[in-house]
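Data first, discussion second: the structure below is written as structure tokens.
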Amino acid sequence: MADEFIKGLALSMVGALGWFIFGGWYRTPGYYVIEQLTAAAPEPSNVYHAVGIFAGDVSYWLMLLGPFVYWVVIPALRELGRSATASAN
Amino acid sequence: MTTQHTSTDRTDNTDREPMTDGGTDDAARTDGGPPATIPPDDETPTWSERKERSQGLSRLTYEYFERARREDQDLRQESTYVERDVLGFPAWPHETIRNLAITSFFVGIIILISATIPMYFENPANPSSTPSIILPDWYLYWSFGLLKLNPINPELSVLGGNLVVSHEFYGVLAHGLIIGVVALVPFLNKGNARRPVEQPFWSAVGVMGVLLSITLAALAIQNFFPFELELLFSMSFILPVLGGAITYAVLKTMREGYMYDLNKRYYRLRPPK
């Protein structure tokens, strides 16, 4: 259980850090506007910017889905499997 | 690097020379004596045995903590400390290495962020013009929110519908009320509970206070909220009461099955040996 917790937390923190950096590069029009890190990304002018915007999206969803998988999905699947074996026996 | 400690380490600096006042160091010292070094026993694996184990980091971590726990236990048994004294790990290397690791981690994060998203300079502030929105630092938002209580500043009909005090002074008076309540709580409750469940009422009071500080902070930045001010104002006082009531109900329910005596025994300071 503790392992699953730290995996989810680590994924969330790594994703948040990546989102923070890539969002700061591509989705922050200025530090004095309300909407930061979530503003619409500009159209990428070359492949590096496209990769950067994509990595930012990946980090963002890693921050959200990482803990969701390790704290909700995997324990739920385990519980399902346990109840399935219990009802089979 | 050698890990061989002999039991002579423990006794070589116990000094039995009489001191000028006739006593000895041993008689004078109150800290239980020099640290007892724990010799390796049969359970202690050699370094080559440790290397051969391949269960990886989790096994290593387990062994480290088990070893540390055992050393701590042996220290307790061999020393003349009474049990209520805390025996910690040595500052070097245990605490230092751990703190260095934590420090390096945070310094690394700071360097990473400052290198990847450097702050740029904006135009210099103009001291001759006040911004349209002025706010204190975030930890004083609750205090700023108390200055925005003018909807509940009463107008007295005997004064012809005039205010008794100005809105500003009313906010300052509200500070007196809040600070008075905060100052009063330690006299009403000594805080000897170890868990919130032991005193549901005072836990609820605490939750209400925390929620009120948050909602008052929200009141301070009221123009950031996309709904009516009246609703925000009402929620600022309804939410803390609601949260307190829920806390009280939940903790009252949790009291069943909570072993007060066991908890008291666990935390009681044990008498000296």
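Including glycine, each Cβ sits where the backbone N, Cα and C put it.
Remember, predicted model here, so these are calculated numbers, not experimental data.
The region 'Disordered' feature in TrEMBL is assigned to B:1-55.
Per TrEMBL, compositional bias 'Basic and acidic residues' is recorded for B:7-19.
If you look up TrEMBL, you'll see B:81-222 marked as domain 'Cytochrome b/b6 C-terminal region profile'.
The annotation transmembrane segment is assigned in TrEMBL to B:100-121 (among others).
Residues or ranges marked as transmembrane segment by TrEMBL: B:169-189 (among others).
Summarising the annotation, TrEMBL assigns transmembrane segment to B:201-225 (among others). Residues 133, 135, 138, 141-146, 148, 182, 185, 189, 193, 232-233, 235-237, 239-241, 243-245, 247-248, 251 of the same chain lie 6 or more positions beyond the ends of the transmembrane segment (B:201-225) yet place their CB under 8 Å from a CB of it.
Same-chain neighbours of the transmembrane segment (B:231-251): 145, 151, 196-197, 200-201, 203-205, 207-209, 211-212, 215-216, 218-219, 222, 225, counting only residues six or more beyond its ends whose CB sits under 8 Å from a CB of the stretch. As annotated by TrEMBL, transmembrane segment applies to B:231-251 (among others).
Across all of the domain 'Cytochrome b/b6 C-terminal region profile' (B:81-222), the predicted model scores a mean pLDDT of 87. Sorting each residue of the domain 'Cytochrome b/b6 C-terminal region profile' (B:81-222) by its DSSP state yields 88 helix, 4 strand, 50 coil.
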